Amino acid sequence: MNWGIFEGILSRVNKYSTAFGRIWLSLVFIFRVLVYLVTAERVWSDDHKDFDCDTRQPGCSNVCFDEFFPMSHVRLWALQLILVTCPSLLVVMHVAYREAREKKHQEAAGKNGGRLYPDPGKKRGGLWWTYVCSLVFKAGVDAAFLHVFHSFYPKYTLPRVVRCHVAPCPNTVDCFISKPTEKNIFTLFMVITAVICIVLNLVELTYLVNKRCRECLLARKAQATGLGHRRNRATSSSKQDNLRLGNLIFLGSDAPPPLSPDHPQDHVKKTIL
């Protein structure tokens, strides 16, 4: 694997994430991916080989193992980690698409042609929706896999002894799982980290939605304030126009203007141009 490409992808995902998203990313790749690659595969590497049943009936051990382990923990975790990390890559691809589109626009319109995106990596418009949908998808995937694990293995734990009575076993036989305590520890560790990741996704989703709602409210308030200022200016200008019209001297008019209430005996002189 080319770790330089992997490091570049991680740096871009970290760049376009919020503070909660960076914590989630560290938790996933340090406490889930590395633990899976370094330890989990070795713990489950001998699960079939050391699955012993107290019978010599051919095929009984294989059938009992398949009944109790319909899906391996390691393969389920691999599928879970792939589906959880893919939405973050989609966000990076969306940003790359916006950057490429902005570059083409600058080449076609020139420097004075304006910009399509003031900041291609800023979560606005379609990128905001992509990021929000990625959070919902990641939380949903983790929750779905936790439900699957619980349905296969109640309480996420493995018993020391499994009783099996599936053909071709002649009767109910006892089968023994290798290193059940160690496997239970790693299973609970992966479950707890998945729960923490779900909580972080929900917290980040709440933060983004609340931030967006506050921005919309502030924009509406600013718009309403601007309309109020324009209305006040229009009203004041109309009042000034009325005052100016009232103070005009009617030139060339036979009808004199109304007398002032303070000086009823005074008359306005008529001026003829």
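We count from 1, first residue shown onward.
Keep in mind that glycine also has a Cβ here, set from the backbone N, Cα and C atoms.
Lifted from TrEMBL, the feature list:
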type	residues	note
TRANSMEM	20-39	transmembrane segment
DOMAIN	42-75	domain 'Connexin N-terminal'
TRANSMEM	77-97	transmembrane segment
TRANSMEM	128-149	transmembrane segment
DOMAIN	141-208	domain 'Connexin cysteine-rich'
TRANSMEM	185-209	transmembrane segment
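Note on the domain 'Connexin N-terminal' (42-75): residues 36, 148-149, 152, 162, 164, 166-170, 173-179, 182-183, 186-187 of its chain, located 6 or more positions outside it, place their CB under 8 angstroms from a CB of the stretch.
Secondary structure of the domain 'Connexin N-terminal' (42-75), assigned with DSSP and counted as helix (H, G, I), strand (E, B) and coil, comes to 14 helix, 2 strand, 18 coil.
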